[in-house]
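Undergrad: Pasting the relevant annotations from Swiss-Prot:
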- GLY2: N-myristoyl glycine (LIPID)
- CYS5: S-palmitoyl cysteine (LIPID)
- 33-356: domain 'G-alpha' (DOMAIN)
- 36-49: region 'G1 motif' (REGION)
- SER48, THR183: Mg(2+) binding site (BINDING)
- 175-183: region 'G2 motif' (REGION)
- 198-207: region 'G3 motif' (REGION)
- 267-274: region 'G4 motif' (REGION)
- 326-331: region 'G5 motif' (REGION)
Amino acid sequence: MGSTCSSPESKEQNRINSIIDKQIRKDEDNEIGNQKLLLLGTGECGKSTILKQINILHSSGYTKTDLKNVAGTVYSNIIQGMATLIKAKDQFYHEVTSPELDADAQHILALAESSKDAMPFIPLTFNSIKRLWHDPTVQKTFERRAEFQMMDTLVYFMNEIDRINDPEYIPTVDDMLRIRIPTMGVVQQVIEIKGTKFRIFDVGGQRSERRKWIHLFDNVNATIFISAINEYNQKLNEDGNANRMKESIKLFETICNSRWFVQAAMILFLNKRDLFEQKLKTTSINVLFSTYLGSNDYAECVAYIQLRFERLNKYADVKKIYTHVTCATDTNQIQLVIDSVVDMVIGRNLRGTGME
């Protein structure tokens, strides 16, 4: 009779195969009930800030070590922001500055060009930043910031510059929410909210990053599309001729009507409402929307922009857009909005499974 015994190598391979099969089945089981949520939008619309808020509200938040580790990013954001202002000033104005201010500008530009990680400010750097910030020509340039690409958060950090310059400086949670690190590729986080696990994906919003979205589109439960509504008079970083809000509206139309998202909940965050309200005091949305004949009233302008987005939905008879007007750095407001979104997504899932 032939032997039915297996070799030791065969037994070991079978054991390994069994472990792999069990892990695959476990992963598949873990997928059941999970909600897949995409954060989409153009660059610098606030996607990463929303994900940080979700982490603060529904996960482990940020430890003291986490906060210490982003101090270099705060310093870098300030240096890069000031360098952007200096370059724009030189482009817009050709006024003769004092030798001291010229030296300050050259010092900051050299730091911005350095490949080294940003370090705590030495007295020369700190004093250069403050002198430049208070220079009238720099302030005139800052007032024209819609004409060039600049981080929204520079004003916040400049208002906190003395605290940030403290030798014992540790960034606060508010600082963490405002730092700018461009999302390259895809960032995934698994967070349990109200007993349901959400796999949340934050994907790069720059044009060059959008091609990386495609593999995420299968089995999406909900998409949060974020648009910074204060950008109606600003140019795109990747294309100085393209309006940022026009780009956002165009991308939303593509996402909203994509075959990939027919079954997914479509949630729209009209973000940066605080900056939008402030900008309306000096600049009408008519600069982009020539057919808008209303006033600069905040509520009226928000309603108009909301309509411009929502009317792009070609499946309005079967698909609703859930719109929220947000300020991503306002933790209390974002908590209410995220709770509402989670309840809606869970409710849709229960109805879809016949369990509600």
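For all residues, glycine too, the Cβ spot is worked out from N, Cα and C.
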Undergrad: How does the region 'G1 motif' (36-49) divide up by DSSP, counting helix, then strand, then coil residues?
TA: 3 helix, 5 strand, 6 coil
Undergrad: Please work out the mean pLDDT for the residues of the region 'G1 motif' (36-49).
TA: 91
Undergrad: Is the region 'G2 motif' (175-183) close to the region 'G4 motif' (267-274), in the sense of at least 3 CB pairs under 8 angstroms with a sequence gap of 6 or more?
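TA: No, the stretches stay apart by this measure.
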Undergrad: Between SER48, THR183, which of the binding-site residues has the fewest other CB atoms within 10 angstroms in the structure shown?
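TA: Sparsest of the binding-site residues SER48, THR183 by Cβ contacts within 10 Å: THR183.
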Undergrad: Which sequence positions outside the region 'G2 motif' (175-183), separated from its termini by at least 6 residues, show Cβ-Cβ distances below 8 Å to it?
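TA: For the region 'G2 motif' (175-183), the sequence-distant neighbours (Cβ-Cβ under 8 Å, at least 6 residues beyond its ends) are 43-44, 47-49, 52-53, 62, 66-67, 70, 73-74, 77, 151, 153, 156-157, 160, 164, 202-206, 209, 328-329, 331.
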Undergrad: For the region 'G1 motif' (36-49), give me same-chain residues lying six or more residues beyond its boundaries with a C-beta closer than 8 angstroms to one of its C-beta atoms, as numbers and ranges.
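TA: Contacts with the region 'G1 motif' (36-49): 151-152, 177-178, 180-183, 187, 198-206, 213, 216, 219-228, 231, 236-238, 244, 247-248, 251, 255, 269, 271-272, 326, 328-329, 345.
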Undergrad: What three-state class does DSSP give THR183 (Mg(2+) binding site)?
TA: coil
Undergrad: What counts of helix, strand and coil residues does DSSP assign across the region 'G4 motif' (267-274)?
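TA: Secondary-structure composition of the region 'G4 motif' (267-274): 2 helix, 5 strand, 1 coil.
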Undergrad: Would you mind splitting the region 'G5 motif' (326-331) into helix, strand and coil residue counts from DSSP?
TA: 1 helix, 0 strand, 5 coil
